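Per TrEMBL, the features are:
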type: TRANSMEM; residues: 9-30; note: transmembrane segment
type: DOMAIN; residues: 99-301; note: domain 'ABC transmembrane type-1'
type: TRANSMEM; residues: 103-126; note: transmembrane segment
type: TRANSMEM; residues: 138-159; note: transmembrane segment
type: TRANSMEM; residues: 179-197; note: transmembrane segment
type: TRANSMEM; residues: 279-301; note: transmembrane segment
Amino acid sequence: MRQYAMKRIGLIIPTVLLVTIIVFAVMRLIPGDPALVILSEGDASFTQGELEALRHELGTDRPIVVQYLDWVTGLAQGDLGESYWRRGLPVWELLGDRIPRTLQLAVMAIVIAVMFAVPLGIVSAIKPDSPVDYVCRVVALVGISIPTFFAGILVVLLLSRGFDWLPPLGYAELWEDMFLPALALGFYDMAFIARVTRSSMMEIIREDYMRTARAKGLAERIVLVRHGLKNAVLPILTISGWQFGRLFGGTVIIESIFRVPGIGTLLIETVFQRDFPTIQAIIIVVSVSIVLINLLVDLLYGWMDPRIRYA
């Protein structure tokens, strides 16, 4: 297990390094000069000398390779740099208040998704081609077909505006008034995990050891949970881990719809402002989070199934 873990951990460094190269290159390909955007704010008049001075202050007049090496060196030391738009403000301070809110939204979304998806998938698997199965499959198909932004709009219009259940927009405090955005964000994942659960359980139900467990006189609930779900949980765990990483990096639209001040809304603001250090920091934080989540899933997979470690 230790060798397997070290092998998986060793893949993190080249993966993150490749991400830094891609992110930095893409940022420099975006049209627009950060210094020009800053000086043009409010239609203020400025001279060419002021523009050159600001470029020198921001460091954008240096060679691209030098800029990248300086950024990566600071990144390795935990320094994400300073914001172009809010000069003198470390990027970490900008992200410090935003990351917990986005993480909260992603955690609530995956919890809601798994909480509904696993029972739906199990019921659909143990009663194939029944009315319950058809309903579960239709719900899963609809969930996969609806884009996240459309699900968010539907939640606002139906559950909040239509039934006046919960306040639709705005952010209160941590863990308050986040059910609606989490529901909208996790709807696709609920449908996807439900389909995976159904497929996995249907394969397990046909195994010989399931028939043997029933022949021993065990209750159906014990057979399904102890022998069925226990062996079907590996693909569910894998998909849930991948989906959580997608949720953490895909909250931009939902945060905009529900006005949640997370890293998604900050990313939109900084893209228009050409705030390269903040944009790069957001993408790196999300990318590293996804890599770490996938690493955790791989380690759990190897721990639960020894065959993976020796493959």
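In case you wondered, yes, glycine gets a Cβ from its N, Cα and C as well.
Looking at which of 9-30, 138-159, 179-197, 279-301 has the most CB pairs under 8 Å to the transmembrane segment (103-126), the answer is the stretch 179-197. Across the candidate stretches 9-30, 138-159, 279-301, the maximum count of CB pairs under 8 A to the transmembrane segment (179-197) is reached by 138-159.
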